[in-house]
Amino acid sequence: MAAPGSRLRLEAALGFLLLLACAQALVPSHRLDARDLARLRAVLERPFTDVRAAFYSIVGLSSLGVRVADEKAACKFIKSHVDSSSVESLFYAAQAMQVLSGCEVTISNETRELLLAAVSEDSSVTQIFHAVGALSGFGLPLASQEALSALSARLSKEESVLATIQALETASHLSQQADLSSIVEEIEDLVARLDDLGGVYLQFEEGIETTALFVAAAYKLSDHVGTEPAIKEDQVIQLMNAIFSKKNFETLSEAFSIARAAGALSQNRFHLPIIIVPDGPAAVSHHQPLLRLQVTNVMSQLLTQVSVKLDQARSVSSKATVLQQLPFTLSGDFFELNFMNVKPASGYYDFSISVDGDKRFIANKVELKVKVSTEVGITNVDLSIVDKDQSIAPKTTRVAYPAKAKGSFTADSHQNFALSFQLIDVNSGAELIPHQTFVRLHNQKTGQEVVFVAEPDSKNVYKFELDTSERKTEFDSASGTYTLYLIIGDATLENPILWNVADVVITFPEEDAPSTVQSKNLFVPKPEIQHLFREPEKRPPTVVSNTFTALVLSPLLLLLILWIKIGANISNFSFAPSTIVFHLGHAAMLGLMYVYWTQLNMFQTLKYLAILGGITFLAGNRMLAQKAVKRTQ
Amino acid sequence: MRNSSYRSQPRRCAPARCGRAARRMRSAVAAAVMAGSVWAVARRFLSEYGGGTAGRLKALDAFLLYVLLTGALQFGYCLGVGTFPFNSFLSGFISAVGSFILGVCLRIQINPQNKGEFQGISPERAFADFLFANTILHLVVINFVG
């Protein structure tokens, strides 16, 4: 039994490796581009309504790296609107003032006492968070160890995600001398509580705002403590996708949370997600031989102190490696690579690109699909009329693109019409097989058109042959002059072709010609279908069935007459109680049969039958026993 | 080797076959056949029957005749008029056939000439069995009649 076990383990290992390979292919799908940033700033730059709004705006904007427009006015607003008796209001004021430059305030002793008193095991985690944040923002001394123990004690009672996130933020205000490892472990627990949506997004069920606050808090605490957060690379990308997928910021708190998450992910000591953005569509051609890329962080800030390298360029169709290990050159804001130098054939290529420069980079290896376009040229275009009997030599005319063939060609039932041509890449001279090579015949008078496909033979020469008598159903046997067009198209062609090659006169035998060509109108109502209801069974007339009912009941009459004749009587009927009960019970059972027929179902009947049957059985048993005794006496 | 079916005494012949009434009937039938008339056979049979059978059995025979006629008439209707509704016809016909069979069983069991065959079953027990079986039969019949 060792072989199946080890084989299972091998398969499991292979499956895990495959999963890992797929997982490593995870790329960021969302980021804050310039428009998103503008929208975010617009929300954060609204005029303040209260201290809380001021806090969200000021701290949010500072996370994005933007200073508030009028710092003095903001400072004055906060000072006038702060409520010294509320810990929460003091927290908002303190944190906002810490960001503004030159904004100082003196704190009275009462306020300080209020804040210190709030840091205890009796306050909720939110209150402890606000108090510690306020004390730290005002620069007041704080007993970190006591605060830490109060926080830990409180956290063990409150299990909600938001409370844990606030605990992380609180710990980032405490001194590094204190042992914050128990709080740091909460990061790992919170990561486990995230929901994985399709392998692309990772977010809390409480929503994106909570997820963004978590990211900001986790990185702030990790930076403060100096240990890498327990979030894997793929998880960072998934978190990023979830947070930046929200493009509409209705409330200020939402905008604040996303701004803080963006700030955290673009500037922390451990994980820096980067995004590689091609300039326009990732396509190169002879006119545009350079592939241009930009490298940005989550806030679309350009990173130019990095090195971008092409690891491998593989053709999608032939899977051959065209280029390897080539660095991109920096030109202004863009990283460029001249791909046309290797003279690639037209088509799609998979580029594996890696970005280096900082150990913190995440998602720095991407796969990019690049299209190489070219122009097509048509050569060796030959139109010929071939006689079916091969008696007359075929008449061939050469036409040059884009001219039209002079004169018209006639084809009737004795002749075939043939067209052959070659398609080449104008720049490289190689033969091309585009996706669309159609020959279209358009009847000038009736407006009919028939489209055929021209197919290449083994030497990549396209041939099209039209046997008019064979194909007459497609033409509806309408004789006349048809314009011949050649249509060439492909995704990798820069110059799709629609070329009027020649005029062809096709004649069909007269007997097949339809009177007029009707255009099929497909969109008229169809004939209505009448539903056929199930016909009831044929029944005999009521007279017949009534007669037979009477007839079937007549033997009963005969029976009674016979019984009377034989002399059957009930003179021996004894009025003993068991006899009466038996007969009543039996009659009840018969009545139950009738009720069963009209009303009940089997289960109910069985229930009643069991009861009645039991009674009847007992009484009958007694009665028959007495009869037996009387008989043997 | 000794044959396992060897018996010390010859096997006893059942009264229905070898009893006095049966022997008399056979001799009467033989006489009538020799007289050469079906009517004579029938008349002789009826008279022997009338005289030799207990009243209880005759009442039961009348019941069996009734059931037979009912079943036959139902079948005749079905042949003549049609089988719709088929389940009702089946239910009625099976009721007739089933009752007939149970009646025949009861008659065999309470016939005093067959007492030797049914040692452990008294006429009362036979009647109780008859009632029980009829109950079950008619439960099914009523279920099916529709």
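Think of each number as a place in line: the chain as shown, counted from 1.
Quick reminder: no glycine exception, Cβ is built from N, Cα and C everywhere.
The feature domain 'Ribophorin II N-terminal' is assigned by TrEMBL to A:32-266.
For A:274-372, the entry in TrEMBL reads domain 'Ribophorin II second'. In the predicted model, residues of the domain 'Ribophorin II second' (A:274-372) average a pLDDT of 88.
Taken from TrEMBL, the feature domain 'Ribophorin II third' covers A:380-505.
The domain 'Ribophorin II C-terminal' annotation in TrEMBL covers A:533-631.
Residues annotated as signal peptide in TrEMBL: A:1-25.
Annotated transmembrane segment per TrEMBL: A:543-563 (among others), in sequence order.
Cβ atoms under 8 Å from those of the transmembrane segment (A:575-596) belong to residues 602, 605, 608-609, 612-613, 615-616, 619-620, 622-623, 626 of the same chain, restricted to positions at least 6 beyond its ends. Look at TrEMBL and you will find A:575-596 (among others) tagged as transmembrane segment.
Sequence-distant neighbours of the transmembrane segment (A:608-625) (same chain, 6+ residues past either end, Cβ-Cβ under 8 Å): 576, 578-579, 581-582, 585-586, 588-589, 592, 600. The feature transmembrane segment is assigned by TrEMBL to A:608-625 (among others).
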Summarise the domain 'Ribophorin II C-terminal' (A:533-631) by DSSP state, stating how many residues are helix, strand and coil.
77 helix, 0 strand, 22 coil
Among A:32-266, A:380-505, A:533-631, point out the range having the most Cβ pairs under 8 angstroms from the domain 'Ribophorin II second' (A:274-372).
A:32-266
DSSP-derived helix, strand and coil totals, residue by residue, for the domain 'Ribophorin II second' (A:274-372):
3 helix, 58 strand, 38 coil
